[in-house]
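First the structure, in the form of structure tokens, and then the observations on it.
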Amino acid sequence: MMLVLRFANLYVEPMAIFLIFLNAFIWSSSFALSKSAMDAASPLFVTGSRMVLAGIVLFGLLLFKRESFRLPRQAVMPIVLLSVIGFYLTNVLEFIGLQGLSSSKACFIYGFSPFTAAFCSYVQLREVVTWKKLGGLSLGLVSYLVYLLFGGGEDVSEWGWQLGMPELLLIVATCLSSYGWTLLRKLERQCESLSITAINAYAMVIAGILSLAHSAITEVWNPLPVENPVLFLQSIGALVIFSNLICYNLFAKLLRSFSSTFLSFCNLVMPLFASFFGWLLLGESFPPGLLFAVGFMVLGCRLIYHEEFRQGYVLSSE
């Protein structure tokens, strides 16, 4: 993990772009791991446990590296806000919303995350959204629609297009997630004495405690809401390593050189990677719209990258 994070500090363009998609590639495995963990224990308990465990591990890394994690007074409220909005509420609303939605429809809603990230960056960081950037975002949305219409595993004609509570919850979760990432980027700029690792450690521990408290109120503890301890420990361990420790921290590191809009756009490839895993490992049919969708994604990615480089939001090196 530390080796990957060190590579993130290079920020040479080819390496940085490679790390962005490598991060999405690794993060896409968290869907299967989360499903496995949910089969072994209650969802809120799973979320709280992995957040607290990951936060403790990050604090341990800070102690090992002898880095300061002293919390400046001006950073207290932003970190609490990040913990509640970007970690706790995002995960809780996402879980509740997913219970009433098909995976393809949830995937479609998540496809709007670059637009919400662009809006949050405009409001919080005063980043300008140009027509060229909107064109790149639109190409990404087209690739998403192509993938869902021709490459998804479900018939989208069976979707109900009414806007119900599950849809609203997932839309809110998407917006809160984008807000959380832009808040993290703003916090890292304002509190230079506090590292990304320390910020994530505090946010994960606080969000984990809130999730466990929520679990204690709404889920049955007898003595713990775990049905399969071995599977639970295996799944939680893998989630902590791949999602919380590697992906969260690498994504946060990349925010130093790329906007949350660009990174959110690049993360649209995660469902495409999931389809690749299904074809390679499970023998599922290769989605016919996959290559077409990837082509649009690459074009949109280049448009946004060059526009943000011109605006000064993307840094080639530090």
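Backbone N, Cα and C define each Cβ position, glycine as well.
Mean pLDDT of the predicted structure over the domain 'EamA 1' (25-148): 77. Under the heading domain 'EamA 1', Swiss-Prot lists 25-148.
Among the features that Swiss-Prot reports, domain 'EamA 2' is placed at 191-304.
Summarising the annotation, Swiss-Prot assigns transmembrane segment to 7-27 (among others).
Through the fold, the transmembrane segment (44-64) approaches residues 2, 34, 37-38, 87, 91-92, 95, 195, 197-198, 200-205, 207-215, 218-219, 224-226, 232, 235-236, 239-240, 243-245, 248-249 of its own chain, all at least 6 residues removed from its boundaries and within a Cβ separation under 8 Å. For 44-64 (among others), the entry in Swiss-Prot reads transmembrane segment, with the evidence type sequence analysis.
Sequence annotations record features per position, and here Swiss-Prot assigns transmembrane segment to 76-96 (among others) based on sequence analysis.
Per Swiss-Prot, the feature transmembrane segment maps to 105-125 (among others).
Here Swiss-Prot flags 134-154 (among others) as transmembrane segment, drawing on sequence analysis.
Here Swiss-Prot flags 163-183 (among others) as transmembrane segment, drawing on sequence analysis.
Taken from Swiss-Prot, the feature transmembrane segment covers 193-213 (among others), and the record attributes it to sequence analysis.
The list of residues near the transmembrane segment (231-251) in space but at least 6 beyond its ends in sequence, with Cβ under 8 angstroms from a Cβ of it, reads 1, 4-5, 8, 19, 23, 26-27, 29-30, 33-34, 36-37, 39-41, 46, 49-51, 53-54, 57-58, 181, 196-197, 200, 204, 263. Annotation comment: Swiss-Prot describes 231-251 (among others) as transmembrane segment.
As annotated by Swiss-Prot, transmembrane segment applies to 262-282 (among others), with the evidence given as sequence analysis.
Taken from Swiss-Prot, the feature transmembrane segment covers 285-305 (among others).
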